[in-house]
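J.: So TrEMBL says this about it:
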ACT_SITE  D155  active site, charge relay system
ACT_SITE  H218  active site, charge relay system
ACT_SITE  S548  active site, charge relay system
DOMAIN    32-121  domain 'Inhibitor I9'
DOMAIN    146-585  domain 'Peptidase S8/S53'
DOMAIN    378-463  domain 'PA'
DOMAIN    662-757  domain 'Subtilisin-like protease fibronectin type-III'
SIGNAL    1-25  signal peptide
Amino acid sequence: MEMNKSRWCRATLLLLLSLALRGAAYLQERKNYIVHLRPREAADGSVEEWHRSFLSQAAAAAAAARLDSAADGGGDDGPRIIYSYSDVFTGFAARLTDEEAEALRATDGCARLYPEVFLPLATTRSPGFLGLHLGNEGFWSRSGFGRGVVIGILDTGILPSHPSFGDDGLQPPPKGWKGTCEFKNIAGGGCNNKIIGARAFGSAAVNSTAPPVDDAGHGTHTASTAAGNFVENANIRGNADGTASGMAPHAHLSIYKVCTRSRCSIMDIIAGLDAAVKDGVDVLSFSIGAYSGTQFNYDPIAIAAFKAMERGIFVSCAAGNAGPEPGTVGNGAPWMLTVAAGTMDRAIQTNVRLGNGEEFHGESLFQPRNNSAADPLPLVYPGADGFDASRDCSVLRGAEVTGKVVLCESRGLSGRIEAGQTVAAYGGVGMIVMNKAAEGYTTFADAHVLPASHVSYEAGAKIMAYLNSTANGTASIDFKGTIIGSYPSPAVTFFSSRGPSKASPGILKPDITGPGMNILAAWAPSDSHTEFSDGGADLSFFVESGTSMSTPHLSGIAALLKSLHPDWSPAAIKSAIMTTSDAVDRTGLPIKDEQYRHATFYAMGAGYVNPALAFDPGLVYDLHADDYIPYLCGLGLGDDGVTEIAHRPVTCGGLRAITEAELNYPSLVANLLSQPITVNRTVTNVGKASSVYTAVVDMPKDVSVTVQPPMLRFTELKEKQSFTVTVRWAGQPNVAGAEGNLKWVSDDYIVRSPLVIPPKGE
């Protein structure tokens, strides 16, 4: 009896242990992955069925690894597909246990798994500053203001009831449009002839009462910058007043909400890109951070953008806000336009006056009529010795600031408004934000909660010197409103990410600079912006800065070019934008960076966009999907790596790989050592049928550049001609590198290409 009882106990224990082990497999934490598959040779069954077959294999293999005979086969308790990608990415997104992920990695046909990562989110004056003016003549009207073109915006959604998204003057959606609209019960708005599609994805779809509605403000801002319709008397509390519009005010918008208020899931981004290509957009605008330095076959965004480009879709991406350090640029694939951020000639100006009579200009969006800091007040710096407080005013314990103007060090891209809130909470009545050395002359017009002025590093240093010279320093702050004609303009901002691209240093990145500083555009009320005392609930427009803002400017300009030249490829549009850009400011001097030094091409790309010239560039450097394959092979990605990007089998050994410098790009990076470098370029005539161009080289004297032939003669449109460029040192190599331009000059056109010799070691 005791023996039978003992056997029964052991059997029960083993059964419970088996059940526990089996249950543990189901209780494992599942994580989100993108599963990248190799292209399938035969299209048997649907894409979804093909994807599910990999999950079944993974589930069975994971079960076998647990010595569990009951594979779940991908049912409700097994791995779950989140997205089945079909147009821009070969693969799917799914929730997997660690065991299932390992099993998938070992499955034939699986290239790799990407764990889910989250990427960060990276106007009234800018159209006029860029030469876009209303009237019967000129590029803007000739392009029909972007009529008939669809811009896809991947961001935080949109506020459809905003007047910027009215459809006055717009045509119905183009024939063949496949987009869908998910707006439901939206008071005063929804889809119309302006917003012709709106969808939300993943976590972004459950973060508001109506999925595609913007609850952050960012998406509304970028959408209106790209293609907002005309709105008269746009301003923010009386500042930056004028008629607001996007770059392409009569283009259509399709909205893909892939971001919440603070982050964007890579799975949702790829799903949004996939949907946009299916829907039939012409331009994709992507104001989201990127994989910086990741080789392209490990970058899902670069892979998806390649397929979009192959479909004829122009992809405009933010360079990132990680400047001014070199090598920080993201979204660096050559089939994407990579956009840097620059200033305009508008300032929302303040004036700081010190007790010794010195005056310094700054900026602030908050300019109250009842100015508590208009008269001289005691000036204090919490970071000085003797205070138990921080230099950036994040902590003010021990600092006596009541009734004073407080000098605070900048926190960089954010935190300035929070500093003012802290100052006000401790009784301060005014604030001066001074830049750090690396931030130079870049100043933000912020919606402060008290009288404030953001001043440059140079001004801040002089204010500090004044404070150190007296025990009774005073300061006052005056408000000057909106000033047009500030100098120098344009300039590159400190935060705009710099080249070279770590993924492909032989391609100049960023490509172009656009307006990205203190940009006024449409706004959606958000509890993430409560700077004003009333919470800003009535704000229809708001000022923001970043490459997030410069990117939709270029997206809209690309839409104008697409409307005017519907047969141009994405590379031809990019070439037109780059080769007609400005390398000099409005006074004719070289464009400056945030230190007011000559901006390098690694800071500004080819230059600052000039859309009035881009519509008629004369010549273009064209590329198509197949032209990138030898370049990708030359990067050393191997057959598998190139296949993953190209979405089709590629054997690099069967073609002639080329160097980065040999890609027919509108700029040239010559990684010059002791031996000369010779590369070939081909241009297509899109200007006047009968035309003659002469090569003009502008380079430092220690660099020799030979162009053969030195003259190009065209007799018809769309005619192609090739030439070679040989670059060599005229003397001893310069470790600092060199920069200049190659120009093709005719009676009617100047087609300029940057020519860069990188510093030694880059």
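Here the Cβ of each residue, glycine as well, is placed from N, Cα and C on the backbone.
TrEMBL labels come from automatic prediction, so no person has curated them.
The structure displayed is predicted, hence computed values, not measured ones.
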J.: Report the same-chain neighbours of H218 (active site, charge relay system): residues 6+ apart in sequence with Cβ closer than 8 Å to its Cβ, ordered by sequence.
T.: L121, D155, T156, C259, R261, S287, E544, S548
J.: So what's the average pLDDT for the domain 'Inhibitor I9' (32-121)?
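T.: Mean model confidence (pLDDT) across the domain 'Inhibitor I9' (32-121) is 80.
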J.: D155 (active site, charge relay system) has how many other Cβ neighbours within 10 Å of its own Cβ?
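T.: Here the count is 28.
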